[in-house]
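First the structure, in the form of structure tokens, and then the observations on it.
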Amino acid sequence: MSATTTSASETSTPTCLPIPPKENGYVPPGGCGNIHMYEASFAAPVLFSVLFGLTTIIHIVQAIMFKKRYAWVVIMSSLWELIAFIMRSLFAKNQSSDAYNTPFTIFFLLAPIWVNAFLYMTLGRLIYFFLPSGRLGGIGAKRFGHIFVWLEILAFIIQLVGAAFTTDTEASQETIMRGVHIYMGGIGVQELFILIFTGLFIHLQRKMGEMERHGTLDAEKVGRGSMPWRWLFYAIYASLFLITVRIIFRLAQYADGTNIDNPALRNEWFEYVWDAAPIFICLAILNVAHPGRVLVGPDSEFPRVSRKEKKQRKREKKEAKIAEKEAKKERKRRRKHGSIGVDLLDAQERGSAPTSRPAPGGHGYQGENQRTWYDNRGNEVRP
């Protein structure tokens, strides 16, 4: 999130000074067209572009090598970071241009969410692979991933809305601060989900450790991996810790708003040390301790449903729904006729008529129109 001191609307008023920009486009605070309270470095974003580019390439290779389709999620995180720092490098040469600063801000702020989603999806696969029941805490493995990913999408949307407010060059200071508060709320929600997820992960580790002690943990599955399964847990804990460090920094950075005396807004290195570096280390850890080194084999992934099977299931669901509707209609029809009409309805369905006989007491009938019908219990039925 850029430490904007003046917006476009403010630059048209006498509150900003017509200070000529430097060769790289930088305008000091108070000058018309200023974006940051510091002069952005060129070397730092180039360095991080290289670092995130390397981890992106490695993650792509590992996704293919370990046959982990869901690894596209973590690739998105490193790719967004790469795009962010390419934009930052371009901005460093033209520091009065929002065309580079806005995409940098959005990609930089939102990229870590993809790492969270990847870890959540890994939890579901660990449950499915190692627990015979495929459940943890009464919840199915696949549902775990779905629940946390949707929660992460919620946090993503909140943060995106906040980031959009702060990058609006026409926004007032009040609007920018509203965006800051929305974004802080989004990362606060994200941290809450991380804490819940960490608790579940600890529960899974204890359960697997207990199974291992009792000899019920599948030794064949454990033996497939190229590293101990506990290493993956430690890597995930380290990743969650680094993401939490980054969240705490962001909360502290804007706790006092966009105060010009805030050192976190006046010094560029804060964002590199407490945001860019932790996320890079997190991605590098997942390169070293990739889930694909533990989750080995076709049974380490959720079963894939073919298009033909999906159509068949859809058709079966549709047929079941139609059958259920017909059953409901039948039940309503039977309730409407009451118990005395059950035999009559059954007879009609079989294509036969119910028994007709003279009325009790010797009274018969004289014509078809005056015929009286009775069911097997002797109750009169009016067809």
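Each Cβ is built from the backbone N, Cα and C atoms, and glycine gets one as well.
These features come from Swiss-Prot:
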TRANSMEM  46-66  transmembrane segment
TRANSMEM  71-91  transmembrane segment
CARBOHYD  Asn94  N-linked glycosylation site
TRANSMEM  104-124  transmembrane segment
TRANSMEM  144-164  transmembrane segment
TRANSMEM  182-202  transmembrane segment
TRANSMEM  231-251  transmembrane segment
TRANSMEM  269-289  transmembrane segment
REGION    305-383  region 'Disordered'
COMPBIAS  307-316  compositional bias 'Basic residues'
COMPBIAS  317-329  compositional bias 'Basic and acidic residues'
Problem - DSSP-assigned states of the compositional bias 'Basic and acidic residues' (317-329) in counts, ordered helix, strand, coil - result: 13 helix, 0 strand, 0 coil
Problem - Proximity of the transmembrane segment (231-251) to the transmembrane segment (104-124), 3+ C-beta pairs under 8 angstroms - result: yes
Practice task
Tally Cβ pairs under 8 Å between the transmembrane segment (269-289) and each listed stretch (46-66, 71-91, 104-124, 144-164, 182-202), then give the stretch with the top tally.
Solution key: 46-66
Practice task
Kindly say whether the transmembrane segment (104-124) and the transmembrane segment (182-202) touch, using the definition of 3 or more Cβ pairs under 8 Å where each pair is 6 or more positions apart.
Solution key: yes
Practice task
For the transmembrane segment (46-66), find every same-chain residue at least 6 residues outside the stretch whose CB is under 8 Å from a CB in it, and list them.
Solution key: 72, 74-75, 78-79, 81-82, 85-86, 88-89, 272, 276, 280, 283-284, 286-287, 290-293, 295-296
Fill in the blank from the handout: With the cut-off at Cβ under 8 Å and a gap of six or more residues from its ends, the chain residues touching the transmembrane segment (182-202) are 1, 109, 113, 116, 119-120, 123, 136-137, 144, 148, 151-152, 154-163, 165-166, 233, 236-237, 240, 243-244, 247, 250-251, 254
